[in-house]
Amino acid sequence: MSKPALQSDEHGVALQSEYVVPEGVEAAGFQISADELASIVESRDTEKLAVHGQLDGTADKLATSLTDGINTAEYSLNQRRDIYGVNKFTESEARSLWEFVWEALQDTTLIILIACALVSFVVGIATEGWPKGAHDGIGIFTSIFLVVSVTATSNYQQSLQFRDLDKEKRKIFVQVTRSSLRQKMLIDDLLPGDVVHLAVGDQVPADGLFISGYSVLINESSLTGESEPVVVNEDNPFLLSGTKVLDGSCKMLVTAVGMRTQWGKLMAAITESGDDETPLQVKLNGVANIIGNIGLFFALLTFVVLSRGLVAQKYFDGLLFSWSGDDVLEILQHFAVAVTIIVVAVPEGLPLAVTLSLAFAMKKMMNDKALVRQLAACETMGSATVICSDKTGTLTTNRMSVVKACICGNTLEVNNRLAPSNFSSKLPEAALEILLESIFNNTTGEVVINQDGHRQILGTPTEVALLDFASLIGEGFEEKQQQTKIIKVEPFNSTKKRMSIVLELPGGGCRAHCKGASEVVLAACNKFIDARGSIVALDNTTTNKLNDIIETFSKEALRTLCLAYQEMDDGFSIDEQIPLEGYTCIGIVGIKDPVRPGIRQSVATCQSAGIDVRMITGDNINTAKAIARECGILTEDGLAIEGAEFREKNPKELLELIPKMQVLARSSPLDKHILVKHLRTTFNEVVAVTGDGTNDAPALREADIGLAMGISGTEVAKESADVVILDDNFSTIVTVAKWGRSVYVNIQKFVQFQLTVNVVALLVNFCSACFTGDAPLTAVQLLWVNMIMDTLGALALATEPPDDNLMKKAPVGRAGKFITKVMWRNILGQSIFQIAVMWYLQTQGKHLFGLEGSDADTVLNTIIFNTFVFCQVFNEISSRDMEEIDVLKGLPDNSIFMGILAGTIIFQFIIVQFLGDFADTMPLTQLQWLVSVLFGLLGMPIAAAIKLIHVEPREEGN
């Protein structure tokens, strides 16, 4: 056991350490426990950190190296996990299937039906004995059991799916050094002692201590609620899990992981869930309440009408207060029918259909490289009318390479097959030297040895392209960096559009290097290196020539960067700002970022679907125009404008400009935010925005649907987004739009199908009760119809995959109505047909089938029930498309739909032929079956004929 150590702080004051290392920790080879380590960062305890020997002492006690990281031997890693834990949060236990069963049983109408079944069971046995008297009660119980089982199982499956998606959201990778090798690693695999590399936009993956870095600003608002960023450096070295890097870059020593971090403790109190209702679910709940109230009204009327005969007879006979068991059973049956009408009328399947459709779409979108973070984004994306897309990495591949360079006034082609010496020989030695110094030092990229032992360039695609170019024309990355010392770094950001550093030179003095947007850096230059390697004044002629080169590169769809430097002989204080002017131009490089294959077709698909695509980029306007034309975004009558010009427009000018604007170049984050806001509010568009940087977060939040890039995107951007595009591809955004439309249309199909069944079931039972004093559809039969309609219908119609026709129609937009004229046409047409068939069978059925004897009524009611179910089976097929006549297209390939149809028909056969005592049915003859099926089948040509009736098309959002 370690003894208390006596140490001194920087003021020479003795600090008495009372800390004693636990035996288990010491036996594992460490000198500090997990809780002690966690408390240092959580309480930002500088004294405790000093007691443990500051950063170096803490690293020693953790048995790690600040340069090489931890030992990756499996035994060593296991020991570390045992002592310090893993970087995972304790999840709330998954809800069991029985909890969903219990939840399904809480439905008020089902509770009333259970009470009816119990009374029916008891009274039936008391009056008619066992087993005959129990049939009605058992039948209702069985139906309730089926409804609850299917609903609970379906909801349970969705909860598991949402849980899987929540796990997917935590798949965040960070750069880590272990055993001297730099590697990408899941944040779940981090351990105390790991050396993590953080850059702008990263989420801090665990609690830790700052090792080294530049200009680090941390947003701690997620933990503290304070919006003011915190500067992290040697004096304030504490980094907290869950916070975001706003600026700069650094290395961090991990000290606490998982539930020992402040973020972990916060997450224990808040559990993420996919249970939030989406806007469409809220809207449909309102529809369900209205329909439910109508159902309640009809149910009460039906009960009154059915019971009036018996009550009136009792009254006239003077036996109003004398009731037999049979009388009670009859009243109970009437009450059960009334309650079941409510069950059928209340479309509890509507929210279920939305959940099913969204969950199904989310799973399929995962396969199509889109991770949905917010459920509502699925349905909203179906209404999108504008997509504001980034250029780099979304429309282009983000695999950059330098293809042209203008150094010392000479434009040179950069060809990887060209011998590096040939390129180098065309440049003066002094110019080559300063060019390599600039690229190798003024960078956030690194050349490292990977796990395979090969050299690998790490960094943003732009940095990788520059370092690859420098490695091609001159060796010695490490040597160039070791020769000088970086004393100040100002990282690139979208406002300055440049990155600057100050180097301390070996012979004394300092030198500043600057790189960034060509126009910005060139404007800061007053000298340049000429063809002889001499430094000369930058006159108007040379400036115009360099600007022409920038324009030429840009028109060839090349992204241009200007490199410059400045001698600072008088020395430089770290507190000073790096100069903004007085630079010497080294050269201009043209970087090629090829357009992704299939982008033009994807943009055309969006345009044919009524979705405008606009490009917002920080690039030069000529580069932006060239790429936009190549993608098919910029048309002849479209406008391309720079951010500076866009900012100067007044509201009236913006009203005229924005509808024509297709490209916004040299844009700032604020420009993007303003454009999105105008599109949403002034023009009432439903806007989807893509983004990858920290600076994109405001626009992603402002948009109706924020789409973050999964590969190039920062964690800040992903946190602000609704959907993460895992492959950074614009084509995937089109797929998301297609699935969004599919969700919306599938739920419309289901609502159309369900409302038809509602109308028919209500009116058939109500009219029959009024005119014949009997209800042809019993409680058990209506419960079975309810299950076909609600749960199975939702499963069948809500999981229809999208077809290509979806992207040939205009979007629903913000003002589109959910239940459209087309849907009302189909609902009313099909309802009239079904009611006519039911009424014909009820009035002419006995004559049609030659039914006589005591069983005639039961057989006729069974035929009506059977025909009613087959009308729904074929109407379900007709509902697959609300406008197209060919509804059989793709049906054999939809295994879920086919399985539900087959299951419905098989179970219907069993109910009719074998469950007569429970379902109040009689076995039917082949002829009676054939007529029932033919009546149902007749609904399909009727539905096709109804679709030929023209109604107002898309303006109402259908």
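Placement of Cβ uses the backbone N, Cα and C atoms for every residue, glycine included.
Look at TrEMBL and you will find 51-125 tagged as domain 'Cation-transporting P-type ATPase N-terminal'. For 108-126, 138-156, 290-311, 331-361, 823-842, 896-915, 927-949, the entry in TrEMBL reads transmembrane segment.
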For the transmembrane segment (896-915), distant same-chain residues with Cβ under 8 A (at least six beyond the ends): 139, 784, 788, 792, 795-797, 799-800, 862, 865-866, 869-870, 873, 876-877, 880, 921, 923-924
Model confidence over the domain 'Cation-transporting P-type ATPase N-terminal' (51-125), averaged pLDDT: 82
Chain residues outside the transmembrane segment (138-156) and at least six past its termini with a C-beta under 8 angstroms from it: 95, 97, 100-101, 103-105, 110, 113-114, 116-117, 120-121, 336, 352, 355-356, 779-780, 783-784, 786-787, 790-792, 795, 915, 917-920
Within-chain partners of the transmembrane segment (823-842) [C-beta distance under 8 Å, separation at least 6 from its ends]: 748, 751-752, 755-756, 759-760, 763-764, 767-768, 772, 776, 848, 860, 863-864, 867-868, 871, 875, 878-879, 882, 935, 938-939, 942-943, 946-947, 949, 951, 958
Helix, strand and coil residues within the domain 'Cation-transporting P-type ATPase N-terminal' (51-125) as assigned by DSSP: 46 helix, 2 strand, 27 coil
Tertiary contacts of the transmembrane segment (927-949), as residues 6+ beyond its ends and Cβ separation under 8 Å: 825-826, 829-830, 833-834, 837, 841, 848-849, 859, 863, 866-867, 869-875, 877-878, 882-885, 887
